[in-house]
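Asks: Sharing a structure, written as structure tokens. Questions coming.
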Ligand SMILES: *Cc1c(COP(=O)(O)O)cnc(C)c1O
């Protein structure tokens, strides 16, 4: 069939999963079904896409956040999200793939990178779906209005209840392993579904520079390792035995994995799809999910690599993937959001110890656990602002930018040349829009900061909207067993 034929999920009758197969094998979702709520006229935010423009918007937002009291003596840390920047990245992603293929492409944002309902809704309106990996993430996507046809469930540990729910909703599911596939066998027998079902494979092509984020190593916990003895034959047989298994999924890693290695993982997966389809004698694998993983440049405001670079590389390395025979799913996370977030923290005190200048701020491990615990892998740019939120000038002096937590390693930056920070100034951690709002670290019972989306007008005015309210101290107490104060008395 024509892979580009428009097909809405509603075209698929209940039972499509069990009835799919044979010559009328079809996509669950084609070009039109994956086109979300219509092109938002503000898709690109009408904003300037130069890196300098992003920096100007950020400076204006920090200034306004201080002026409007979003950050101040009583709210000493807050996070800001550049809405125009997010819209630009979404538009850049869509156009990068539209340039290289006419096949339907679902861009499913990896929710773990920014588990915030208003952000998921913003992305949805910009034509981006959701990749979810837990009941919580699925609930966030649904709260943001994501349709099942625009949602993909991955996760190595899906429970029977999660699988049942996904199939009932018609959400695409990528099975991680043979045991999960066996569960899907019995679910598929007992209840018809319109979900597209895929299998995650691990091309075992090796690691990038950050071991913890490299998912395509020989011993990775994800997917079916294709190079293990007998595994490839098992995968092929698994497809031939299950006419409803129509997708292959791979995700070779995140930050630290070079583009060439990502493309290699996609190529291995594509070749497997070709092999399966040849043996099946039909287009059984109709969709390839290439995962996410585009690395982000944390050194400057320049976006490098870009989606366009990656899409062109893929087209060169795996041309068959783009000739229209396969629908595509992507699952980018970090690269869509990282550049658009800023954590602004007030400098509470400054001091010197052992000849080292130290600025003690309110941003540390609670907002930047990865940077604090693995600074070599996750260095962040820090920008200095004065007490009014204006960029601070003056000679750069090496100083530590410390957080509020009670352990010595709680540093956002060590020995970093910056204009000398003083009490009442602000230190901003840049490029923190992805993942930094996902793993709040509750050490010292430090509250989660508020997150504020912003847009800037041509006249320089900045408007804010609350994305996530700052956590209150009462909430900290409540989630720390506050309702069970006497629970241990009786034991
Ligand atoms: C984390 C993850 C992603 C997103 O990775 P990024 O590096 O944020 O783009 C995509 N797919 C899967 C399966 C993941 O686990």
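Cβ coordinates are placed from backbone N, Cα and C, and glycine is handled just like the others.
Heads up, here are the entries from TrEMBL:
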- 406: active site, proton donor (ACT_SITE)
- 21-40: compositional bias 'Basic and acidic residues' (COMPBIAS)
- 88-337: domain 'Orn/DAP/Arg decarboxylase 2 N-terminal' (DOMAIN)
- 339-433: domain 'Orn/DAP/Arg decarboxylase 2 C-terminal' (DOMAIN)
- 112: N6-(pyridoxal phosphate)lysine (MOD_RES)
- 1-55: region 'Disordered' (REGION)
Asks: In sequence order, which same-chain residues at least six apart have a C-beta under 8 angstroms from residue 112 (N6-(pyridoxal phosphate)lysine)?
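Replies: Looking at Cβ-Cβ distances below 8 Å from residue 112 (N6-(pyridoxal phosphate)lysine), excluding near sequence neighbours, one finds 133, 137, 333, 435, 438.
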Asks: What are the DSSP helix/strand/coil residue counts across the domain 'Orn/DAP/Arg decarboxylase 2 C-terminal' (339-433)?
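Replies: Going through the domain 'Orn/DAP/Arg decarboxylase 2 C-terminal' (339-433) residue by residue, I get 7 helix, 45 strand, 43 coil.
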Asks: Non-local Cβ contacts of the residue listed as 'active site, proton donor' (under 8 Å, 6 or more apart, same chain)?
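Replies: The residue listed as 'active site, proton donor' has long-range Cβ partners 444.
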Asks: Please average pLDDT over the domain 'Orn/DAP/Arg decarboxylase 2 N-terminal' (88-337) for the predicted structure.
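Replies: That stretch averages a pLDDT of 95.
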